[in-house]
Amino acid sequence: MSDKTAKLTIGDETWDLNVREGSVGPDVIDIGALYKDTGRFTYDPGFTSTASCESKITYIDGDQGTLLYRGYPIEQLAEHGDFLESCYLLLYGELPTRAQKDDFVHRVTYHTMVHEQMTRFYSGFRRDAHPMAVMTGIVGAMSAFYHDSTDITDPHQRMIASLRMVAKMPTIAAMAYKYHIGQPFVFPRNDLDYAANFLHMCFAVPCEDYKVNPVLARAMDRIFILHADHEQNASTSTVRLAGSSGANPFACIAAGIACLWGPAHGGANEAALNMLSEIGSVDRIPEFIARAKDKDDPFRLMGFGHRVYKNYDPRARIMQKTTHEVLAELGHQDDPLLQVAMELEKIALSDEYFVEKKLYPNIDFYSGITLRALGFPTTMFTVLFALARTVGWIAQWKEMVEDPSQRIGRPRQLYTGAAPRDYLPIDQRR
Ligand code: SDX
């Protein structure tokens, strides 16, 4: 407990509020007793100044443009590690030893298959259903198949549910893709690593062998690392709130997937690529920059801006580097959309509107170009984001469930509706 206090004075009354310090980052003013002591709520609809929880998992410094998973900079994890190592780190708090890594990889590998009856769920969807709609439905349905890992009070069941989610999301995502394009499902293979297995399940066909390109598999793995967790973003906060009622982990992750789908959040990678395609050529960029600045035009530059980053999103830098690597490997260096993206970034970053509002490219700005080059349709982009973010959602859900002070989340409101009034019989209404 820090010895710092904040004073709140309303009229001739003053209250002391305890100020708590984190290991890094802003202090927080503890207002847990504010309503009980003052009869008043705080008001912060977008949670721009509100810490919803205490967490030890991920830290973002928006001004510095830094992102840490359990204290490790994202740049180092993306450069030197792999996705399952980051999954272990996010879930258990430390980088694994060689033995711990091997055991974790083995356990994930042997949980990648889904219950065979789940395949029938897919056939209930139209082929042209958006894969995010399929993901939301299928993941929610997991609680109907994996009853033995839905008791959130049992640490063993929580661990099994966590492993199942991390292990099965690539299989579920690949099946959503295959169903969408009318090709047969491809089973996971235990001889392939996580990212290679996912690419194989997406792009292999029964008629011939499919060799995974190691450069593309490494790029896919790095993209998963970049998307794994990100503090209390909208979808993570959704998972925490759903979990605070005691809902099972599969239902909570399905809620997170639904929230992530929005174009202001995880849907931005699909929206950003569609925007780059609509711009089409470098000479049309000024027209779109003007629209983004026009208060009367709801258009925004998709892939730009961020609630927390008021500097360059560190993930966007790594994403841009990965984009160049993938396009070079595939011989698409002159992809016109990449030219448009790089010119758009250059113009936007020198425009006083974007400078003044501290709008920088975020992770979604370059990811779409890379994912399209890897062979995915735009409708699959947010599915890949959900696949990678599942470990972050699960780690945050686990941290919340294991917090002894955890209570059901139940915000209050500022009510500006009708004052109390009596019922009026219908023939007296005007
Ligand atoms: C993700 O939270 C996370 O961590 C999310 C995420 C994660 O990993 O989980 O990082 C993933 O969601 C990244 C963000 C992807 N979304 C987009 O790229 C969509 C485009 N961006 C915007 O919709 C917006 O920037 C948000 C939603 C990302 C942030 O919105 P905020 O923090 O509520 O900011 P705001 O809407 O209040 O904007 C502040 C000002 C406004 O102008 P004023 O009203 O002050 O005059 O900046 C303007 C906005 O109009 N602005 C933009 C803009 N983003 C903000 N203007 C033009 N283009 C944009 N992209």
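Positions of Cβ are set from backbone N, Cα and C atoms, glycine also.
Note that the structure is a prediction, hence the values are computed from the model and not measured.
Taken verbatim from TrEMBL:
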ACT_SITE  H306  active site
ACT_SITE  D364  active site
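The Cβ neighbour count for D364 (active site), using a 10 Å radius over every protein chain in view, is 29. A helical conformation is recorded for D364 (active site) in the three-state DSSP classification. Close to H306 (active site) in the fold, though at least 6 residues off in sequence, lie G62, D313, Y360, N362, each with a CB less than 8 Å from its CB. DSSP assigns H306 (active site) to coil, not to a helix or a strand.
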